[in-house]
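Annotated features, as they stand in TrEMBL:
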type	residues	note
DOMAIN	15-106	domain 'Cadherin'
DOMAIN	107-221	domain 'Cadherin'
DOMAIN	232-328	domain 'Cadherin'
DOMAIN	329-431	domain 'Cadherin'
DOMAIN	450-539	domain 'Cadherin'
TRANSMEM	548-573	transmembrane segment
REGION	631-668	region 'Disordered'
COMPBIAS	657-666	compositional bias 'Pro residues'
Amino acid sequence: MFQCSNILIDDIITVELGLMTSSLSPDSGGEVIYKLEGPGVDQEPKNLFEIDDKTGVIRSKRPLDREKYNSFTLKAFALSPSGERLENPTTIEIMVLDQNDNRPAFTQRQFVGTVAEFSIPGTSVMSVSATDADDPNTENAALSYFILGQESIPANAITKTMFGINNLTGAIYTRDVGLDREVVHGFRLKLQVADMGGMGLTSEGEAIIHVSDINNHAPQFSPDKNRRENEIGRVNVSDRDDPGTRNWGAEYSITNNPEGHFAIYTDFATNQGVLAVVKPLDYETQKEHTLILTVKNLSPLSNKAPNVPLSTATVLISVVNENEAPHFIDDPIKIVALESVLPGTLLIGNIAFDPDNSALRYEIIRDPERWLDINRQTGDIVVKRALNMRSPHVRNNIYNAAVKVTDSEGVSVTAIVAITLKETNDFPPLLLPLSGSVCSSGSSRHGLILTALDEDNHPHAEPFDFKIPTDLSINWTLIQINGTHVMLQPLVELDVGDYAVTVLVTDSGSPALSSYAQVNVTVCVCDSFGDCNSKAGVVLKSSVGISFIALIIIMTCVAFLLFLLLLAVAMTACGRRHHIKKDTGLLVGESEDDIRDNVFNYDEQGGGEEDENAFSIDLLWNPHDTPSYPGTLPLGSGFPRSKQPLRKDAPHNLPSPTYPRRPPADPTDIEDYINDGLEAADNDPNVPPYDTALIYDFEGDGSVAGSLSSIATGSSDGDQDYDYLNDWGPRFQKLANMYDPR
């Protein structure tokens, strides 16, 4: 039986692994031969291990590399000299232990990162990484990161340590303040990575960190630099005094330079006079300039020198023409306009000129609301569309646009057009709410608060003026609260009920605009808190407008009139039923009215999408009844007028719009006819709101017209005279031919 089955070995080295023994078989005579098979012996990789066939000692023949093969599984056999297996083979696991034989390596030759200037300490900049081929589960692959050195770009711009690194993760961060891109543009860091927690093998790398700019400087106008560098020429002098002394040095001046366009100074190295332009020249104003120059020494001339006048020189300067850019007369171009200015109105003209007198082309390059138009030749700016102060592009009542002007050679300049809009009184004030309730007690603390709103701005809005027409002012009054609110109160004790009060609201604009509003006020009995009681409470706690006896009399009169009306209708129906002339046929009654085509069209009112029952009502129609106006039901039709709910979104008792009277003759105009009727109904303040069902009461059966079923009588055709059908016109000609006895 084998004594060894698991072996641990370090990689790279050659060692004796172990000893294998086996109990002898009785037939072997005590001699055992050991054999070894598997990867590393007779399989790839071959020749890594061997076994002593007599002693069973296993040895490595060559250095092992764990990074290539970290374990081997072998089979060992015990054989007799005759080759017979003495025992079953055993499995031997050889584990190759890791040694720190691999240096860590950075994943990049150079890492590049960026950090914003003036970043605070602790700001993350970048991360570096490295790998190690050793066993990651051992200290041989435990990596630590370090910064060995720092170099600023440009060199020595900053010497203090600005960056740190996380030893475990490799994250680089800022350690100190003072990152100013105007001082330093970047840093070069020398990095190191080491295994075994920083105590093992090492490698070095590099990181470049760029300092990015932030907008930490607002733009500032700079003063004009000295124009002495605009040199246009030099003049020479000769002096036999000792060069380099004040006796040799020259001092120049210009005697005729009234506009101050030129200056002259001395080049002390050569003693030359340098002539320069210090003020812009204008070719269109003056094409040539003649200058007279004088020169003298820095030191006063000795009295022993010859008495000679100062040396002078004349210099002729020619100005070369150069195309100059056009100039705006004003930049920005400021315009003040009323909000209500009409399209086509001229806002401003003559906005630019060209020093070279070349033709100019104008165009608008920025106009977000497309309000403006410009004449491309003259530059006149006109209003293209109506202005609106409520545009999101109008800030502080100023609308900004931009215009560009270009000369004939393509040189262009731009300017801002700042239009200051003045408010105009465009909208009349509106009154809210249009309905409410007040207490009938008339106390000064009870009333309906009304508010006026105006889409215009100051000074065309508040304060508002509130008035009640003279005929209503005897019962109602308005108490001003402030410039936008009033309280509506009754002046006298009013009965409980609904009232319509007309209020006139006028704004403070110039000219002032006003509007009438009808306020629907419900006068009710209030409790101690000023709240209206329920309807039941009103009936119980208030006195009715008429006495109970008067109410009974009125109801009795109404019932009597209804009885007389029903009696008259019944008698009329009976009389018509019994006075049909026998000799004139069943279709002809006593009425001489032509009953042909006597059909009236009635409009369907209310109902909407859900009013499906309105179309299932049987309409009892009498051709002898007098038709009512279109859109209403005829008298006696069996349908009383509907009880329409009170609209809260519109004043009461205002005139209704005109409804279309007849359908059009041309079917193609049906759509316009329906749309006209719909628009009139939508704007009618005296009809119910949209989709309000109208409920009709059923009055009973029967009609004064009688029944048409009398046509089917028991009399025979021979008893009838149908000659009158020939007199009824072409529509009854077919019927007349059918009953012609001939």
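Cβ coordinates come from backbone N, Cα and C, glycine included.
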* To do: Helix, strand, coil: count each for the residues of the domain 'Cadherin' (15-106), based on DSSP.
  => 0 helix, 38 strand, 54 coil
* Asked: Which stretch, 15-106, 107-221, 232-328, 329-431, tops the Cβ pairs under 8 Å count with the domain 'Cadherin' (450-539)?
  -> 329-431
* **Secondary structure composition of the domain 'Cadherin' (329-431) [DSSP: H/G/I, E/B, coil]** => 0 helix, 47 strand, 56 coil
